[in-house]
Each structure stands twice: as structure tokens, then as C-alpha cells.
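Undergrad: Features from Swiss-Prot:
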type	residues	note
SIGNAL	1-20	signal peptide
DOMAIN	197-393	domain 'Peptidase M12B'
BINDING	200, 284, 388, 391	Ca(2+) 1 binding site
DISULFID	308-388	disulfide bond
BINDING	333, 337, 343	Zn(2+) binding site
DISULFID	348-355	disulfide bond
BINDING	403, 406, 408, 410, 413	Ca(2+) 2 binding site
């Protein structure tokens with residue numbers, strides 16, 4: 001018989017209904033303080049890894065016990081994941097950090113078939129989960145008790161700006177036949193049998209983003225990893241695995257002319273991607289994260305139906321919110337345009353969830369792709385047969401102990 005050791009952390013829950021607190025996600029006016037209890041079954045004497053492949057947490061939400069099951073997102077990084085930044089004199093510095101033992105998870109709530117979760121466990125639990133159709137955010141509290149976390153609804157984060165924020169889209173392809181309303185087709189992901197596809201994504205953070213986060217590469221790295229973990233979760237409903245293959249940070253200066261005129265910035269980014277980035281890093285799509293305020297209340301811009309195009313498989317996204325979930329929705333939206341998805345109606349709902357391809361971003365109970373978006377995507381696959389998203393970006397398992405720095409000896413090396 002295998003003996004197991006139950007590792008438990010924390011016990012209590014203290015709701016502060018009606019209180020207000022400033023968190024990393026913003027000023028929250030209604031939240032609960034919770035102490036998640038971690039339960040891990042390990043063989044007796046086993047060495048506990050820093051980040052386990054599977055974890056289970058117990059906590060209370062609205063006074064009710066909840067069991068959160070988490071599984072490490074092993075699709076999050078491609079086999080050749082790299083990071084690039086620039087020295088003060090402009091030299092490219094590229095590394096291949098080991099990401100095998102990363103701290104990003106996806107999951108579900110026990111006994112809730114419609115639940116989802118995307119969580120970072122790098123420093124406490126941070127992310128979101130959907131429980132009984134409601135979206136909750138969780139993040140650590142900076143208290144003397146290091147196990148304290150805040151749980152709150154997205155709607156309880158105070159709005160910084162009431163002005164409507166919109167997405168731009170450039171028309172770069174035409175349909176050969178009129179699209180039927182997906183509502184008439186009564187489609188869902190299971191019925192459509194959407195084929196498995198894989199997107200190797202590059203995220204580029206401009207110099208304003210670098211300065212916004214106090215020139216801290218680690219802060220930007222963590223933010224982008226959390227955003228892509230959310231994107232990966234959204235696209236699972238379409239049978240698409242989104243893996244981050246490169247993070248580039250323009251730490252010295254911008255490599256293109258970044259302007260508020262979003263279309264000009266998009267065009268400049270397209271030229272740079274084709275003539276520079278693609279020559280040194282194989283990838284399927286690149287998204288520019290910029291801290292400049294784009295024109296006409298635009299949060300992002302992307303060409304329509306351009307996935308796998310060597311120049312136009314791109315998008316730009318304004319770093320508009322401290323809430324990584326909303327940034328994930330925005331970047332997933334722009335990526336959707338690259339996959340042929342047009343805008344949904346401004347009031348589009350999928351059940352109780354807001355549609356990701358709405359033209360404007362608003363806070364909702366949860367976010368999903370609509371049936372129309374699924375049909376647009378399926379039509380794009382049939383008409384254009386994009387080849388770059390067919391290959392699966394498998395992880396390479398190291399076969400030896402680490403050597404100096406982050407380098408690993410791979411199979412065949414000496």
C-alpha cells in the first residue's frame with residue numbers, strides 16, 4: 001500500500017462585504033479574504049516539486065466550500081521558447097530559459113461542469129475561475145499573513161474610464177459566399193468537430209511598456225505569461241492550442257515608429273515582423289503590446305483572415321488595464337480577427353457569457369466565443385487552409401542535469 005502525505009495550508013475565511021481595497025487589479029469595492037487550503041497526495045518520502053503537475057485547493061466563496069482542481073498547462077510554451085531584450089547600446093540579448101517547471105495552470109471547480117479556471121501559482125494564486133456561471137478573480141493580499149487572498153467579481157473592480165473602448169479591424173479578405181447565421185445552424189464546438197490546430201505566438205512589448213513597469217523585465221514577463229495562459233484557455237473551446245514561442249521586450253528603444261494612429265503602427269509592425277522577426281524566429285502570429293494610447297478609443301487592431309501570412313499575421317493591443325484577464329480577452333479578440341472572425345453584435349451573449357468578438361470591451365460574468373465566431377473560423381479554415389497552424393509545438397524533455405545558467409544539454413549533445 002502506498003502511504004500518502006496530505007499537505008494542508010490554512011483554514012479560515014473572512015469576508016469583508018462592502019469593504020474597499022486597492023489590489024493589483026485596481027480598486028475593488030466588494031471582496032472576500034480567503035485562505036486557500038492546498039491538498040496534495042504524495043508518496044511517503046517523495047520530494048515535492050516546486051510546481052506540481054496537478055494541485056487541489058479548498059476555499060470558501062460566498063460562505064460555501066469550493067474545491068479547485070488545477071493542472072499545469074503544458075501547452076503554454078513551445079519547445080524552442082525564447083526571450084529577447086536589448087542592451088543599452090542596442091544589442092539583442094536572446095536567451096532560452098527553461099520553462100519545464102513553470103507555474104501556470106488551468107482547471108475547474110469540482111461538481112460544476114461549466115466551470116473553468118486559469119491560475120498562476122508563481123507567488124500565491126492569481127487568476128480567475130468561473131463558478132456557477134459567475135466570474136471570480138483571485139489574487140494574493142499583501143498582508144503579514146502570506147496565505148491571505150482576495151476573491152472578488154470582475155464587476156466589483158471600479159472603472160477607471162467610462163468611455164467606451166472599441167476594437168478596430170482591417171478588411172483583408174473577402175468571402176466567396178454569404179455567411180449563414182450560426183444561430184440558424186445551431187452549432188457548438190462538439191457538433192462542429194473543429195480540427196485540432198496549433199498557434200505559435202510571439203508577443204512583443206514596446207519601450208513604453210518597459211518604462212511603464214519600471215524597466216523590470218520579470219514583471220513584464222510574468223504579465224505576458226499570465227495573459228497568454230488566459231488566451232490559451234479561451235481557445236480550447238475552438239480546439240486551438242496557443243503556445244508562446246517568444247517574448248521580445250524593446251528595452252532600449254522601439255524598433256519601429258509607435259504612433260497613436262493605430263493603422264500606421266500596425267503597418268510598421270507588419271513590415272518589421274516580415275523583414276526582421278521572421279528571419280530569426282519561426283512563429284505563426286505576432287502581437288504587439290503597446291502602452292501608447294491608441295486613437296479613436298481603440299484598444300486593438302488586427303487584419304482579418306491573415307493567419308500564416310508572412311507579413312499580416314499580426315495584431316496590436318493597447319496595455320489598457322491592470323486586469324490581466326481583460327488584457328487576455330483583448331488579445332484573444334485580435335487573434336480571432338486573424339483567424340477570420342468578424343465582430344459579433346454589440347449585445348452578443350453566449351448563455352450568460354459575453355462574446356469575445358464583441359466590438360467593444362465591457363466587464364462581464366464570463367467570456368466565450370460565439371457560435372458565429374466558430375462558424376467564421378471554420379469558414380476561414382475551409383477557404384484558406386492555413387498551413388502554419390498544423391504543426392504541433394511539442395516540448396523537449398531535458399535528458400541531463402542543468403549546466404551553467406539556464407542551458408540544458410539536449411539529446412545528442414556532449
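Glycine is no exception: its Cβ is also placed from the backbone N, Cα and C atoms.
Have a look at these and tell me how they're positioned relative to everything else.
TA: A mean pLDDT of 95 is what the model gives for the domain 'Peptidase M12B' (197-393).
Residue 391 (Ca(2+) 1 binding site) falls within neither a helix nor a strand when secondary structure is assigned with DSSP, and so counts as coil.
Taking the Cβ of residue 388 (Ca(2+) 1 binding site) as centre and 10 Å as the limit, one finds 18 other Cβ atoms among all the protein chains shown.
Residue 343 (Zn(2+) binding site) falls outside any helix or strand according to DSSP and counts as coil.
The Cβ of residue 348 (disulfide bond) lies under 8 Å from the Cβ of 354, 355, 357, 358, 370, 372, each of which sits 6+ residues away along the same chain. Residue 348 (disulfide bond) falls outside any helix or strand according to DSSP and counts as coil.
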Undergrad: Here are the binding-site residues: 333, 337, 343. Which has the lowest count of other Cβ atoms within 10 Å?
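TA: Taking 333, 337, 343 as the binding-site residues, the minimal 10 Å Cβ count falls on 343.
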Undergrad: Which residue, of the disulfide-bonded residues 308, 355, has its CB surrounded by the fewest other CB atoms within 10 A?
TA: 308
Undergrad: Cα-Cα separation of residue 343 (Zn(2+) binding site) and residue 308 (disulfide bond), in Å?
TA: 21
Undergrad: Same chain, not part of 200, 284, 388, 391: whose C-beta falls within 8 angstroms of the C-beta centre of the Ca(2+) 1 site? Give them in sequence order.
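TA: After dropping the recorded site residues, what remains is 198, 199, 282, 283, 308, 389, 390, 393.
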Undergrad: How many Å separate the Cα atoms of residue 308 (disulfide bond) and residue 284 (Ca(2+) 1 binding site)?
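TA: Pair distance, Cα basis, whole Å: 6 Å.
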